[in-house]
Amino acid sequence: MFPPLPNPPTAPTPPRFGDKDLIRRSASSVTPPAQRQTQVAKLIDVSKCIGCKACQSACLEWNDMVEEVGVNVGVYDNPHDLTPNSFTLMRFTEWVNPETQNLEWLIRKDGCMHCEDPGCLKACPAPGAIVQYSNGIVDFVHENCIGCGYCVKGCPFNIPRISKVDEKAYKCTLCSDRVAVGQGPACAKACPTQAIVFGTKDEMKTWADGRIKDLKSRGYKNAGLYDPPGVGGTHVMYVLHHADKPEIYAGLPNNPRISPLVEIWKGVAKYAGFAAIGALAAVTVVHGLFSGASRVSSHDEEKAKEMADKPPEGTPRENA
Amino acid sequence: MTNSWTDIKNTDLVVVMGGNAAEAHPCGFKWVTEAKANRGAKLIVVDPRFTRTASVADYYAPIRQGTDIAFLLGVINHCIRNDKIQWAYTKAFTNAAYVVKEGFGWQDGLFTGYDEEKRDYNRSTWDYEIGPDGYAVVDETLQHPRCVWNLLKQHVAIYTPEMVERICGTPKDKFLKVAEMISECSSPTKTMTSMYALGWTQHSKGSQNIRAMAMLQLILGNIGVRGGGMNALRGHSNIQGLTDIGLMSNLIPGYLTIPTEREPTFDVYMSTRGFKPLRPDQMSYWQNYRKFFVSFLKSMWGDAATPENAFAYDWLPKLDVPAYDVLRAFELMHQGKMNGYFCQGFNPLLSFPNRKKITAALSKLKFLVVMDPLQTETARFWENHGANNDVNPASIQTEVIELPTTCFAEDEGSLVNSGRWLQWHWAGGTPPGEAKHDAWIMAQIHLRLKELYRKEGGPVPEPIVNLDWRYADPNEPTPEELAKELNGSAVVDITDPNDPTKVVVAKGKQLVSFAALRDDGKTACGCWIYSGCFTEAGNQMARRDNSDPDDTGAFGKWSWSWPVNRRILYNRASADVSGKPWDPSRKLLEWDGTKWTGYDVPDIAPNAKPDVVMPFIMNPEGVSRLFTRAMMRDGPFPSHYEPFESPVANVVAPKVRGNPVARVFRNDFEQFGDAKEFPYAATSYRLTEHFHFWTKHAHANAVLQPEFFVEISEELAKEKGIKKGGMVRVWSKRGSVTAKAVVTKRIKPLICDGKTVHIVGIPLHWGFIGEAKKGFGPNSLTPYVGDANIETPEYKAFLVDIEPIAGPVA
């Protein structure tokens with residue numbers, strides 16, 4: 001059993017991280033702290049998950065969200081997609097293993113991956129609407145959010161959702177409020193089988209190694225950890241029985257990368273300066289590119305690369 | 001459970017059959033994931049559906065619902081044929097060697113002594129041969145043709161892998177793979193645990209489903225050991241407590257039985273409860289029955305229960321039928337013979353079979369009292385909710401009185417979990433509105449009835465007016481007072497039998513355990529198996545020390561487990577005949593030459609010699625039973641019977657419909673459908689997103705699983721033109737429901753005896769009130785018939801038809 005975190009103290013405690021620990025801030029620059037905090041991570045072991053949705057329930061309860069009572073559309077997934085109220089969702093896939101002809105019911109808890117290299121943050125034009133702490137948590141600061149939806153387009157995992165009520169973007173916070181007082185995320189706390197565990201990123205990788213060994217001993221020769229390098233690794237990782245085929249888990253991207261469109265946008269933004277009136281024109285132009293599907297077609301990519309390779313004169317390239 | 005939830009982590013093989021632990025018991029299921037992660041344990045799931053439990057299993061095999069006995073007897077046959085038996089255990093600790101009376105037999109699906117008219121057996125041949133010494137005759141060599149082992153061998157011989165495939169629809173290779181994995185646990189150093197629930201109980205032969213697995217566990221040597229056992233996963237957090245304290249019409253607390261009208265006096269009642277040992281030197285612990293029974297009567301009627309009036313034996317009701325189970329209660333209501341009904345924490349309109357009959361029965365009542373913390377459909381059975389409750393309120397005269405009660409988080413007390421742990425809990429909130437604790441309501445009714453009897457008299461007022469009611473506040477006995485009463489106390493000073501001047505327990509003091517109970521009225525005890533839960537040392541159920549020396553999973557200082565804080569029943573059987581643990585790495589108890597020592601409270605006298613006193617101390621034999629004598633109505637061995645509504649004929653007994661001794665009320669024979677009219681095999685089950693009918697009142701749960709649906713295979717969907725997310729109508733001979741269709745690969749058609757059998761899955765949880773969308777329950781469709789021994793309704797196997805109807809398609 002992964003050792004449970006002790007209960008929080010009853011006396012108020014100062015938060016363990018805050019503005020001083022920011023390493024990135026959307027559409028603005030920060031002075032990174034001299035030393036990064038220990039990086040945290042949530043590990044979701046898909047092979048241990050029983051799809052009970054306790055995580056979904058805990059997420060709604062902890063964040064005080066009221067989701068709509070929907071309908072059944074012939075599957076177990078409810079709600080049918082992430083929403084501004086549902087930051088996490090069990091996605092069920094019935095997959096017949098071509099090697100064994102056996103049915104496997106793959107159940108993946110979807111939600112923000114807290115990328116080390118966060119596409120949402122990079123795409124965000126609103127100063128300080130998206131921040132990244134040195135422990136790895138990527139958080140949305142709603143009072144700074146302008147509801148443009150670029151974070152949705154910037155996310156390689158299609159996670160943020162814009163609320164129709166307040167026109168702001170919402171997603172999993174990795175329970176930054178709980179982590180700030182030494183607790184793990186609510187979903188991990190509620191998970192009955194410890195399919196979700198939380199700790200430092202190193203601890204999680206070690207824990208995952210043990211799980212992968214167990215899975216390999218049971219014949220899952222491609223069992224492995226999902227910590228995609230294309231986004232610099234993530235602070236939410238999966239143990240998968242078939243790590244060679246992440247896409248069978250309800251379309252988990254095989255090699256997620258930030259859309260090159262984001263790079264262009266960053267270029268334009270830097271060049272124009274967000275406050276500048278000219279930026280509005282630039283936004284309009286880039287918005288045209290963004291308003292398509294969030295999935296990047298090869299054509300889009302080529303076009304974007306072309307544009308990215310030829311930044312407007314005098315525009316410094318984003319290197320982060 | 002013979003073992004406990006926490007003990008499951010010690011197992012090598014988990015067999016989930018007749019249950020869906022990950023779905024219905026997700027929190028307890030963590031111990032399965034622990035066993036898998038830490039011991040490399042394997043998980044097998046055998047189920048008509050590929051369930052959430054199957055999604056994390058190492059091996060899954062499909063089975064047609066209602067054929068578990070054929071499967072399990074097939075595994076027993078496989079073990080016998082391949083000599084995969086824990087022989088030392090089987091020979092010493094079971095009745096394999098006992099010789100059965102001449103005349104006993106099995107033919108054409110029936111045991112000796114069947115009376116078709118009465119739908120019952122004369123069970124006189126179902127017993128051991130008794131020798132001239134008064135003890136059962138045994139043949140240790142297992143050579144006697146009528147010894148239990150040879151009878152068993154013969155009885156299971158027909159259940160070959162081919163026969164299992166014909167009956168169950170389980171492909172032969174899959175059955176053999178499961179049988180092989182199970183048979184490996186015959187090694188003394190490998191154990192298997194059986195986790196089951198309503199998937200085995202809710203059949204017309206539910207008790208025998210469980211017995212079949214218990215027999216298999218015995219010949220594998222898996223009872224009484226760490227990581228083994230028969231583990232019933234209870235559906236409510238306190239349903240174990242419900243049966244413990246005798247909330248069944250034929251029981252009184254501690255599994256004592258209510259007298260029948262053939263037992264008019266205390267002496268006649270006791271004459272059949274002597275429990276004389278069937279073998280020399282055996283404990284036969286039920287020999288103490290009189291102590292438990294008299295102490296119970298003393299706790300009921302206090303000073304009014306005296307030796308002169310046989311401790312008020314006359315005031316106990318005497319049953320004129322085997323039991324007033326729920327099916328009988330609603331049958332009587334339906335006949336107009338039961339006019340008032342108290343419904344406490346129950347939702348019969350959605351819980352009991354054949355909803356049409358339930359509605360009709362409730363409509364005939366003069367009054368219905370519903371005590372519940374939530375609004376229930378039963379309380380609103382008279383309200384028209386369109387198709388979801390199509391009644392005419394004007395035609396129903398029943399007066400309904402709703403008494404709002406508190407929920408578990410608003411009161412204090414103990415809940416008994418599946419592992420027999422009595423865990424004390426404290427109120428987390430105050431009751432809303434006019435809600436009152438159940439104990440307050442019951443006290444008010446009692447006090448008012450008592451007053452009426454005092455004033456007006458009436459027939460037999462004594463049981464009410466003399467009921468011992470010495471609580472600090474008679475209006476509301478506290479949970480602590482009630483718990484202390486269940487534990488028991490000394491009525492007078494109890495002295496040492498060897499030294500009458502020495503007081504062992506002073507008058508009024510709490511007893512340490514049931515070993516202190518007396519049959520002379522000097523002790524009072526509400527529930528003997530709970531004795532020890534609340535002693536002079538305090539409330540043992542409130543203990544919260546989670547230390548677990550040597551990581552055995554016992555957690556002996558956490559709460560309190562009945563009996564006497566024992567965590568694993570029959571734990572003496574974890575050691576061999578010389579008292580050495582079968583598996584030293586999983587030691588539980590050990591004989592040190594003079595006494596039993598180890599991690600658990602020994603389930604035997606501490607100084608009982610290992611080669612003399614056998615481990616199954618509750619049985620007069622001292623050993624466990626592969627052959628259960630005349631104790632079950634439908635046979636001393638399990639035998640395959642089809643559900644009353646089956647898609648195929650019984651291959652091993654073509655003439656027998658259903659379980660031949662299951663009780664069917666006369667008019668209910670007409671309610672059974674057949675496969676010609678209703679071709680599909682339906683089953684009902686729960687979903688993890690909901691808890692019974694409670695959580696449809698909770699918004700978050702309603703979000704997670706909002707709407708009633710049925711599940712069918714892609715093959716059946718194609719055949720019937722049903723679309724995923726489309727609307728369907730499902731109907732049986734008793735009723736009809738409409739639902740969304742979930743079309744899934746997780747249900748596959750089975751081939752049974754050459755015939756394709758399609759399965760329709762119907763989850764429970766929806767009604768017509770609450771936050772979730774209005775829907776139906778499976779009980780609109782299920783038949784009115786119960787298990788032959790304990791009358792649990794047959795919810796798991798029945799016949800339906802299905803068709804697509806107009807409606808939203810996703």
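A Cβ is built for glycine as well, from the same backbone N, Cα and C atoms used for every other residue.
Residues annotated as compositional bias 'Pro residues' in TrEMBL: A:1-15. Among the features that TrEMBL reports, domain '4Fe-4S ferredoxin-type' is placed at A:40-68, A:103-135, A:136-165. The [4Fe-4S] cluster 1 binding site annotation in TrEMBL covers A:C49, A:C52, A:C55, A:C191. The annotation [4Fe-4S] cluster 2 binding site is assigned in TrEMBL to A:C59, A:C172, A:C175, A:C187. Feature annotation from TrEMBL assigns [4Fe-4S] cluster 3 binding site to A:C112, A:C115, A:C120, A:C155. What TrEMBL records for A:C124, A:C145, A:C148, A:C151 is [4Fe-4S] cluster 4 binding site. The annotation compositional bias 'Basic and acidic residues' is assigned in TrEMBL to A:297-320.
Overlay of TrEMBL annotations on the structure.
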residue	record	Cβ contacts under 8 Å, 6 or more apart
A:C52	[4Fe-4S] cluster 1 binding site	A:P192
A:C59	[4Fe-4S] cluster 2 binding site	A:M65, A:S86, A:F87, A:T88, A:C172, A:A186, A:C187
A:C112	[4Fe-4S] cluster 3 binding site	A:F87, A:V138, A:F157, A:I159, A:P160, A:K171, A:C172, A:T173, A:L174, A:V236
A:C115	[4Fe-4S] cluster 3 binding site	A:V138, A:P156, A:V231, A:G232, A:G233, A:T234, A:H235
A:C120	[4Fe-4S] cluster 3 binding site	A:I130, A:V138, A:C151, A:V152, A:G154, A:C155, A:I159, A:P160, A:A169, A:K171
A:C124	[4Fe-4S] cluster 4 binding site	A:S26, A:A27, A:I130, A:Y150, A:C151, A:G154
A:C145	[4Fe-4S] cluster 4 binding site	A:A126, A:A129, A:K168, A:A169
A:C175	[4Fe-4S] cluster 2 binding site	A:W62, A:Q183, A:G184, A:P185, A:A186, A:C187
A:C191	[4Fe-4S] cluster 1 binding site	A:A54, A:C55, A:V197
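Sequence-ordered, the extra residues of this chain that approach the [4Fe-4S] cluster 3 site, with Cβ no more than 8 Å from the Cβ center of A:C112, A:C115, A:C120, A:C155, are A:M113, A:H114, A:P118, A:G119, A:L121, A:V138, A:C151, A:G154, A:P156, A:F157, A:I159, A:P160, A:K171.
Note: the Cα of A:C49 ([4Fe-4S] cluster 1 binding site) and the Cα of A:C148 ([4Fe-4S] cluster 4 binding site) are spaced 35 Å from each other.
The record gives A:C59, A:C172, A:C175, A:C187 for [4Fe-4S] cluster 2. Within 8 Å of the mean position of their Cβ atoms, the other Cβ atoms in that chain belong to A:C55, A:A58, A:W62, A:N63, A:F87, A:T88, A:G111, A:T173, A:L174, A:P185, A:A186. Taking every protein chain shown into account, A:C55, A:C151, A:C172, A:C187 are the binding-site residues, and of these the Cβ with the most other Cβ atoms within 10 Å belongs to A:C151.
In the predicted model, the domain '4Fe-4S ferredoxin-type' (A:136-165) has a mean pLDDT of 97. Proximity to chain B, defined as a CB-CB distance below 8 A, holds for A:C52 out of the binding-site residues A:C52, A:C55, A:C115, A:C120, A:C124, A:C172.
In sequence order, A:S26, A:C120, A:A123, A:P125, A:A126, A:A129, A:I130, A:F140, A:I146, A:G147, A:G149, A:Y150, A:P160, A:A169 are the residues of the same chain, not among A:C124, A:C145, A:C148, A:C151, whose CB sits within 8 A of the CB centroid for the [4Fe-4S] cluster 4 site. All protein chains shown were included, and the count of other CB atoms within 10 Å of the CB of A:C148 ([4Fe-4S] cluster 4 binding site) stands at 19. Residue counts for the compositional bias 'Pro residues' (A:1-15) by DSSP state, with H, G and I taken as helix and E and B as strand, are 0 helix, 0 strand, 15 coil.
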